[in-house]
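Quick look at what Swiss-Prot annotates:
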{"type": "DOMAIN", "residues": "17-130", "note": "domain 'Toprim'"}
{"type": "BINDING", "residues": "Glu23, Asp96", "note": "Mg(2+) binding site"}
{"type": "SITE", "residues": "His47", "note": "site 'Interaction with DNA'"}
{"type": "DOMAIN", "residues": "144-569", "note": "domain 'Topo IA-type catalytic'"}
{"type": "SITE", "residues": "Arg154", "note": "site 'Interaction with DNA'"}
{"type": "SITE", "residues": "Arg155", "note": "site 'Interaction with DNA'"}
{"type": "SITE", "residues": "Asp158", "note": "site 'Interaction with DNA'"}
{"type": "SITE", "residues": "Tyr163", "note": "site 'Interaction with DNA'"}
{"type": "SITE", "residues": "Trp170", "note": "site 'Interaction with DNA'"}
{"type": "REGION", "residues": "178-183", "note": "region 'Interaction with DNA'"}
{"type": "ACT_SITE", "residues": "Tyr312", "note": "active site, O-(5'-phospho-DNA)-tyrosine intermediate"}
{"type": "SITE", "residues": "Arg314", "note": "site 'Interaction with DNA'"}
{"type": "SITE", "residues": "Arg501", "note": "site 'Interaction with DNA'"}
{"type": "ZN_FING", "residues": "591-617", "note": "zinc finger"}
{"type": "ZN_FING", "residues": "628-657", "note": "zinc finger"}
{"type": "ZN_FING", "residues": "670-696", "note": "zinc finger"}
Amino acid sequence: MEVRGLQPKRQKTFARKHLVIVESPAKAQTIEKYLGTQYVVRASMGHVIDLPKSRLAIDIEHDFQPEYITVRGRAQCLKELRTLSKQSLQVFLASDRDREGEAIAYHLAQSIQAYCDTPIKRIVFNEITPHAIRAAIGHPVPIDTAKVNAQKARRVLDRLVGYHLCPLLWHKVKNGLSAGRVQSVALRLICEREVEVKRFVPEEYWTVEGTFEKDKKSFSALLILIQGKKAVFKSKQEATSAIGLFSQSEARVSQIRSFEKNVRPKQPFTTSTLQQCAANRLGFTSRKTMQVAQQLYEGVSLGTHRVGLITYMRTDSVRVSEAAVKEVRAWIATHFSDALPGTPNRYAAKGKSQDAHEAIRPTYVAHTPERIKAHLTRDQIRLYTLIWERFVASQMTDARVRSLTFEITAGPAVFSATETQVIEQGFYRVLKMLSPKDLSKAVLPPTKEGEVVALHNVQSVQHFTQGPVRYTDASIVKMLEEKGIGRPSTYAPTISVLLDRYYVTRIQKQLMPTPLGKVISDLLTTYFHDVVDVSFTARMESKLDEVEEDKIKWNCVIADFYPAFSEKVSTVMKDLNSMRGVFDEKTDVVCSQCGDTMVKKLGRFGFFLACGKFPECRNTQPVPLAKCPRPACDGNIVGKKTRGRKEFYGCTRFPVCDFVTHFKPTFAVCPQCRCFLVEKSNRRVGTYTACVNPECRYVSPTRKNLSLGKEAVLDGSHRGAQDKGAVQHYE
């Protein structure tokens with residue numbers, strides 16, 4: 001019987017689409033705009049499958065097989081990706097094309113295939129642009145299992161080293177410490193450099209400079225020979241005696257030498273050279289450089305659309321695609337046609353370069369810094385400018401410079417003056433932020449050999465020999481790369497771990513080991529020399545590269561290393577005496593809660609004071625650095641941090657006393673007003689100490705400011721722009 005008016009319920013249908021899985025939401029947002037409505041782009045938020053943090057999870061008895069689990073907090077994300085995969089026509093895995101990205105793609109594929117039979121494809125690209133994404137969709141590739149195995153070997157190796165060394169450090173030194181295959185080598189390098197710095201004894205020496213004039217144009221020259229001998233003097237008296245030998249002599253230009261040379265543009269950035277340049281030019285830490293580069297790579301809104309501005313930023317290759325070379329040459333031909341070489345410039349890859357990616361370059365050279373700066377943050381535009389200038393310059397003609405040297409003879413003395421001028425701009429024409437700083441303007445007057453020049457003034461200048469300098473972010477990255485330690489993706493995290501663990505501190509951009517870092521490094525160097533040996537670590541990196549090239553099996557690398565290492569750990573754990581409490585130091589500070597004396601201890605973030613009756617009394621407080629200089633205030637000055645983690649120094653009696661300074665107090669006392677001294681620095685005299693009291697102009701004498709005189713420090717460096725707002729509410 002038919003019942004009119006009743007219709008069968010219509011089943012809801014899901015419009016099946018293509019699913020693209022990337023690592024980050026920002027990357028997903030950019031790519032989704034390129035692909036249109038037939039694609040859904042989702043982020044895995046990094047690894048969804050990894051080793052558990054709570055246990056070793058390596059089956060040593062069965063070829064070191066890792067026991068993976070779903071990463072804590074990622075189960076819901078993985079569930080959603082599986083559900084979307086089942087509803088999709090096909091799945092594209094678009095994680096990064098390095099080892100970590102390949103492992104992410106592999107684990108996602110395994111998880112999805114266990115849940116549904118939706119076709120899964122791997123796509124790779126070097127830049128996030130519409131053309132690159134569509135080309136990758138049209139040309140999927142197999143998952144690189146050799147690269148996955150290299151990541152697995154690295155992960156297992158680091159887990160074995162960490163999970164054996166960390167308990168040893170906890171048991172013998174203190175809880176919460178860590179050690180790692182790469183970070184411990186970097187720590188050793190920093191500690192060894194610190195020893196070299198401490199051992200170095202500066203030696204005084206003097207040079208002589210003369211001021212000459214020709215046709216009313218003055219120029220300076222350095223005394224290089226006196227009576228046929230090198231003009232370097234051990235004391236001011238020797239320099240003064242030498243001046244007396246020629247001060248009344250006639251000065252003539254005895255020789256003029258001129259030569260020209262080509263200056264080749266530098267190759268495009270790799271991860272290492274980008275971090276070094278950003279540190280030197282912009283003052284960026286390695287971590288900040290990579291964070292900003294990640295933002296530029298994943299995509300930035302340019303008003304009407306979102307675009308990835310640079311290619312993948314973790315690379316050790318200087319290779320550039322032919323399409324990019326063609327594009328930049330067309331741009332140069334339009335804007336600097338006379339600086340376009342006849343053929344493209346080619347740059348040789350280093351021996352250990354993986355060459356999987358291109359060099360770091362802008363995705364569109366037409367996006368000049370001036371054109372897009374309104375859409376970028378200050379940090380983004382500064383880093384982008386470095387990358388853009390370096391890439392464009394790399395495909396321009398050589399610059400040509402002329403070096404002109406005068407030798408001037410005055411009696412038994414020979415002076416030398418040199419200037420370097422650019423005679424053909426070449427690639428210098430495009431450089432603004434990266435313009436060279438070592439090229440001088442014309443300073444030497446036109447003259448001929450044999451002509452007389454007037455010697456107006458002679459002065460002796462004090463110097464001290466320069467010893468080894470502490471590592472900075474730039475120099476430690478350069479050293480790690482030169483030694484073959486780590487890979488582009490590990491440089492910034494390695495430095496960050498050392499800082500976060502308080503093994504190293506960064507003071508005025510210099511990396512200095514803490515007492516804790518020195519103890520850890522000494523212990524590991526003494527008992528685990530192979531693990532923290534530079535050449536051993538470099539060889540291990542080479543073996544991981546061979547795994548990636550499918551030349552050796554990943555578990556063979558582990559098997560060659562683990563037995564001897566495990567035996568060594570057991571021996572040290574048994575024989576090494578405990579070092580717990582080695583940093584503890586009794587003080588005369590009284591506990592404010594129980595009246596017992598406080599003990600100076602070393603924690604994760606530096607020294608602090610703890611009650612001597614711990615655990616009965618758990619009172620802690622910062623270590624006092626100085627007495628508060630305020631009249632009638634009995635508080636102490638301690639280190640504090642703002643919400644933005646910037647350090648400053650204030651009184652313990654805040655808010656009753658609101659004394660604040662941003663300069664680090666020393667334990668020294670001003671001999672004039674009895675306030676404490678603080679550390680300061682400027683480019684002219686380096687680091688020095690000065691009184692915190694703005695009414696007192698005391699500056700402690702140092703080797704550097706002795707050579708310039710006290711006035712050189714006070715002429716605006718000590719009481720200048722740097723001091724404004726540095727000491728607040730003093731009166």
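Any Cβ shown, glycine's included, is placed from N, Cα and C.
Given the structure is predicted, the values throughout are model-derived calculations rather than measurements.
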State the non-local partners of the zinc finger (591-617) in its own chain: residues 6+ outside its ends, Cβ under 8 Å from one of its Cβ atoms. 174, 176, 501-502, 514-516, 583-585, 623, 639
As a test of the contact definition, list every same-chain residue at least 6 positions from Asp96 (Mg(2+) binding site) whose Cβ is closer than 8 Å to its Cβ. Glu23, Ile104, Tyr312, Arg314
Nearest to Trp170 (site 'Interaction with DNA') in three-dimensional space, by Cα, is which of the recorded sites His47, Arg155, Asp158, Arg501? Arg501
Return only the integer: C-alpha distance in Å from Arg154 (site 'Interaction with DNA') to Tyr163 (site 'Interaction with DNA'). 14
For the recorded sites listed here, His47, Arg154, Arg155, Arg501, which shows the highest count of neighbouring CB atoms within 10 A? Arg154
Residue counts for the zinc finger (591-617) under DSSP, helix then strand then coil, are 0 helix, 13 strand, 14 coil
Same-chain residues at least 6 apart in sequence with Cβ under 8 Å of the Cβ of Tyr163 (site 'Interaction with DNA'), in sequence order, are Leu56
Looking only at C-alpha atoms, tell me how far Asp158 (site 'Interaction with DNA') is from Arg501 (site 'Interaction with DNA'), rounded to the nearest Å. 17
Check the zinc finger (670-696) for me and report the mean pLDDT. 78
How big is the Cα-to-Cα gap, in Å, between Arg501 (site 'Interaction with DNA') and His47 (site 'Interaction with DNA')? 24
Rounded to an integer, what is the Cα-Cα distance in Å between Arg155 (site 'Interaction with DNA') and His47 (site 'Interaction with DNA')? 13
Arg501 (site 'Interaction with DNA') falls, by DSSP collapsed to helix, strand or coil, into coil
Per DSSP (three-state), Asp96 (Mg(2+) binding site) is coil
Among all the protein chains here, how many other CB atoms are within 10 A of the CB of Tyr312 (active site, O-(5'-phospho-DNA)-tyrosine intermediate)? 26
Would you mind splitting the region 'Interaction with DNA' (178-183) into helix, strand and coil residue counts from DSSP? 1 helix, 0 strand, 5 coil
